[in-house]
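Working notes, beginning with the structure itself.
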DNA sequence: CCTCCATCGATTTTT
DNA sequence: TCGATGGAGG
C-alpha cells in the first residue's frame, strides 16, 4: 500500500487515494496519467474492493493493453476488466443481443462494410442523393448515432438537403443491419447506451456490478459514451475520468468537449485533481506548447510546468520545398545516428495529412533510413483477407448478407451481380437472407438452370464449411482456404500479385493459430471462431505498432496521441495544412486544429523541430505555401529560427553544393548550437508582440521583421516590390496591427504589419 | 462476366 | 499525384 504511493507527487497521490465519489483528473501531457489510474486501481484492490467491481475503459486497444499490463504488475493475478469502449459494448451486446433485435452471433461491420451496406440501401431506395457521396451520408448517420439519435427519432432540418436524405436512408440502413444481424461500430455503443437508458432494472444491476468505473481520454467521449458512463454511475457514482480538454482531437468523430468541460456540473461533489507537472518534455518544448494552446478559448486553463533540465531550443525551420524538408530531416537524423547521439527509434516525423508522408517515404527509402509508417488498419483491410474473413463471417452468421455478397463470387464462379440482384429481390420479397434465397435458387425468377446449379454448389460449399464454425479459428480459416478454391485460384496464378495474396492468407492462418494458442492459455477465454472474428473487427494493426525495433516512426498527428519520442519533427506547418483548409473557416474546428498541433508538440521529450516550406507539391499541384498562422502564436524566447540554404533562389554558391541538387547541404539549420539558456515557460501568457511572427515574414524569410510598433502615421516605408510609400493610417495592436500605405506608382495598399515585408525606408 | 482505361476527387479515422 | 470508381469492350 505504501509502495503504491511512493514516488508520486502530491496531486498524483491525491488522485490515487481518492476512493468513493466522482473524480476528475485533468491531466496535462506527460503528467503520469496512466500511472495514476493504474495505481488507483491497485489502491482500490488493496482496500479490498473485488476486482470484478472495477471497470476501466479506454479508446484504443493499445491503451487498454498497456493499462492491463501495468495493473497486472502492481496487483498480480487480479482480474480487473480493462477494455475499450467498443469491446465492452460488444461483450454486453453478446449478452443482451435479443433485447435489441440481434442474434448473439451478430457481425460487426467495419467502416467499409457499413459504407457498402449503405450504398446498397441507397440503391434499393432509389432516392436521389443530389451529389452526396455514400461517405457523406454515412458520416451524417454516424454523427446521429454518436449523439444517440436513433433512426425513428432522426428529424430532417428543413433547408438541409443532406438531412432529408439521411432521414430517408437511416431507418432503412438500420433495418438492413438488423436483418443481417449486424452492427456498425457506432451501434456497439448506441445499442448498449439505449438499453441502459430504457431498462431501469438492467441499469441498476450493472451500476451495482461496476461500482468503480474509470475512463481514459474523457475529452474524446461522445454522447453515447457519456450516457453509458452516466448510467453506470447513478447509485454508485464512483466514476473517475481522466482527460485533457486540450488534447481533444476527435470532435469530427462526435467527441463532445462539453462532456469534460461540464463534468463538474454533471457530477456534484466531484473531486478535481490537476496533474500539471510534466515529466516528459524540456521547458522549451513545454513553453511552445503552452503558449500555443493559450490561444484557445474553449478550455480549462492550466499551468503546465516541468522540473526537467533545459535542453535545446525548439527549432523553426523554413525550407525551399517539401523535398528539401524531407531531405534535411533525413540528414539531421543520419548525422545524429552516425555520431552516436541518437538511435533511429528516437525520431518521429508527424504530419497533418497522410499524403505528406509520400515525400518523406521516398527520401528515406532512397537514403536507406529504416522507418515504420503507422497507417490505420492495414492487414485486415486487404481484399483477400476481407474475402476469407467474409466466409468466416457467413459461417458464423448466415444472415450476414454482406458476407454473402462478398463470397458468392469470390473466387470467380460465374455468379455475377445480375444473379445476386435477382436473389436479393427474392430475399426482400420473402423476408429471408440472401443465403436462404440462394437455397431456393431454382425457384427464383430470372435465374437460369445453369446459374441455379452454380448457386447450388456455392450453398453446398457454405454447408460444408458450417462444420468448422464452432471449432478453432485456424481450422475454420484453413477450411475456407481449401474448400473455397482460393488456394487453387491464387496458387495456380503466375501473377506476382496473386501469389502475394496467397502469402497474406497464409499469414492470416498463422494469425488465427496464434489466436487459438493464446486463448488456450487463458482461463475462461472462449477459443472459437466468433471470438477470433471479434478480434479482427475490433483490433487494428496500429495496435501492433512496434516500439521495440530501431526505426524512425512516421505518422499523422492523430496517430501520435498518447505516444512520446525523444526527437520530433513536425512537417508542413503551413496554412491550409495545419490548420487544415477544411477547418479554417469555423472557429471551433480551428481550435481543434490548434489542439492537434499541441498534441504533436507535446509528444517531444528533448528536441522538437517545426518546419514549413516555401513551395509545396500537393495533389499534383505546386503551390506557394504560407507559414501557418499557428507559428505566429509561438514564443520566440525559446525558439531558434533557421532556414536551410534553399538550393537556387537564395543564391547559394555552386561549390557549396554536394553532389547533385538532391543533396544540398543544410548544416546551417542543424548546427546544434550550445543550448542557449531556455526561459521558463510562461504559462498563461498571451503573446502578441515579439512572437515568431516577427521572425517569419510572409515570404517565410528568416530575416528579422520590424516590430509592428515601429511604424508611425506619415512615416516613409519601403516594400520590396512596391517601392517607397507613406503610412496613411494605423489600426489594431500586436500581430493584428494593420497599416494603410500609399505608393506613388501603385496607390493605396493595406498590410498586416506582422506578416508584411514592410519596413521604415532606409533601413536594411 | 471480366478487364481495361477515363474520370473524379482528395483531412483526420481510437473502434 | 494517385487511387478508387464506373462505363465500354472483349
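Each Cβ is built from the backbone N, Cα and C atoms, and glycine gets one as well.
Packing around residue A:29 (ATP binding site) is summarised by its Cβ count: 27 other Cβ atoms lie within 10 angstroms of its Cβ, all protein chains included. DSSP classifies residue A:29 (ATP binding site) as coil under the three-state reduction. Among the features that TrEMBL reports, ATP binding site is placed at A:27, A:28, A:29, A:30, A:31, A:32, A:33, A:34.
Remote same-chain residues near the coiled coil (A:505-535) are listed as 87, 90, 105, 107-108, 379, 384-385, 388-389, 392-393, 395-396, 468-474, 476-478, 481, 486, 490 (criterion: CB distance under 8 Å, separation of at least six residues from the stretch ends). What TrEMBL records for A:505-535 is coiled coil.
The annotation domain 'UvrD-like helicase ATP-binding' is assigned in TrEMBL to A:6-282.
TrEMBL lists A:283-562 with the feature domain 'UvrD-like helicase C-terminal'.
Most other Cβ atoms within 10 A: among the binding-site residues A:28, A:30, A:32, that distinction falls to A:28. Taking the mean position of the Cβ atoms of A:27, A:28, A:29, A:30, A:31, A:32, A:33, A:34 as the ATP site, the remaining same-chain residues with a Cβ inside 8 Å of that point are A:244, A:275, A:278, A:279, A:280.
Most other Cβ atoms within 10 A: among the binding-site residues A:31, A:34, that distinction falls to A:31. The Cβ of residue A:27 (ATP binding site) lies under 8 Å from the Cβ of A:33, A:36, A:242, A:243, A:244, A:274, A:275, each of these being in the same chain and 6 or more residues away along the sequence. DSSP assigns residue A:34 (ATP binding site) to a helix.
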